[in-house]
């Protein structure tokens, strides 16, 4: 086991401060509409150009171990905020630095660090309550576009694309971000339920030009086992052939005699049919088949519930207005399921999302939710170069996360104004002692930092502008750093999601409080690299 080095008390906290300062200086340059770029070296390929705070923070590792601890703690603030709210990482970093730096002055002067932390926590609770009062719900497409635009560094086209995508697939829909092949950034909408299984045999194709099988006003047979013999399928196929309606068969697999018979009947024009494999695996497959059954108003034909394939009636089949199958995907449009049952299933999946601890399971549940709730949208990000593409894709993902957060908890005035307006909420709180009161003063001062940094990044003197904003009684009055003028932030479309602002402050205060109450730092003593011995003269 390697030997350890320890430092205590004020020396430990000062080392943390050095690391926090270095990381914050790198990250805060990206804040606001006039934020600067940070260029990050890559081992291979072109450097990464970014204005995303968490991307910068994740790249920083300091040589000095004690300073690095401080940097890593604040890095945690940025990544936690990104995980929960999807944006606000730079704001969180700036707030954590401001709270810690100010708090350290009082701790060094003899204040009780535990009381300071209690005061900070109490003040943050009051600010969060005030944010909820200021917050207003997002009601229309225009506001969604504004949130997206702000988060994408004032790129209006990205904001409008995200608003369009949300309008089409709803707030529970899945919106994915992909790299496009060309220079244009486009939006593709997949309406209905799509799953990643195509036709089992190309003989099922009905549109040879597009290599698709299209079934209009079709029945859907859903089975959870393999179908290999024809005698089980025969009764239901005869009924459907008499009705002259198309049929989609979804099963674990269709093979041998059963597949051959379906293909022959399709080619002879006796039956318009297509077979696809069931999506997913194991328990997830059962759940997805149940989703398809609920969406189409059918029943999963499973021996688990006493249903056999040879006894299937037309009433057990699902129905859909249109089904499109290509070699990779099946899309079911306008299933005939009972809307109440679909809503009940959506609620059930939402509960599972809240309860699961696995990120992978959560992602898969959200995909299922979206497929039931109305569809999938895909934003294809195009750019001239690979470096620009990566930077733009990161901005689109940020904007998408911020927009979701806005729909969830509403919006507040942007540009750091909302936090500044929350200062007045701290004047009403009663504290048990003077040190706790100081904790609230620390938070009060820190609430000014984001707006100051946004203005400073625009190359303007911040102090006078902040005072002018404070003096104005209109809660939405603030400074547009992009246009360099005073405006009503809500009317100008400069808005932040409440969830992003709240999460940034809570995470910043949490980590700053931990650092203030730190007394000892323990790190490994770095081993000196041993130099190789001098070569023997006889070697030459």
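Please read every residue number as a count from 1 along the shown chain.
Cβ coordinates come from backbone N, Cα and C, glycine included.
Annotation source Swiss-Prot lists ATP binding site at 30, 31, 32, 33, 51, 87, 88, 89, 90, 91, 415, 496, citing sequence analysis.
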Worksheet entry | Whole-number Å value of the largest CA-CA distance among 30, 31, 32, 33, 51, 87, 88, 89, 90, 91, 415, 496, listed as ATP-binding | 17
Practice prompt. Any same-chain residues 6+ apart from residue 90 (ATP binding site) with CB under 8 Å of its CB? Would you list them in sequence order, or say none?
Written response: 27, 28, 30, 31, 35, 53, 78
Response to the item:
Note: among binding-site residues 88, 415, least Cβ-dense neighbourhood at 10 Å is 415
Practice prompt. Report, as a single number, how many Cβ atoms besides its own are within 10 Å of the Cβ of residue 51 (ATP binding site).
Written response: 21
Item to complete: Please list residues from the chain of residue 32 (ATP binding site) whose Cβ is under 8 angstroms from its Cβ, counting only those at least six apart in sequence.
Response: 415, 453, 454, 455, 457, 458, 481
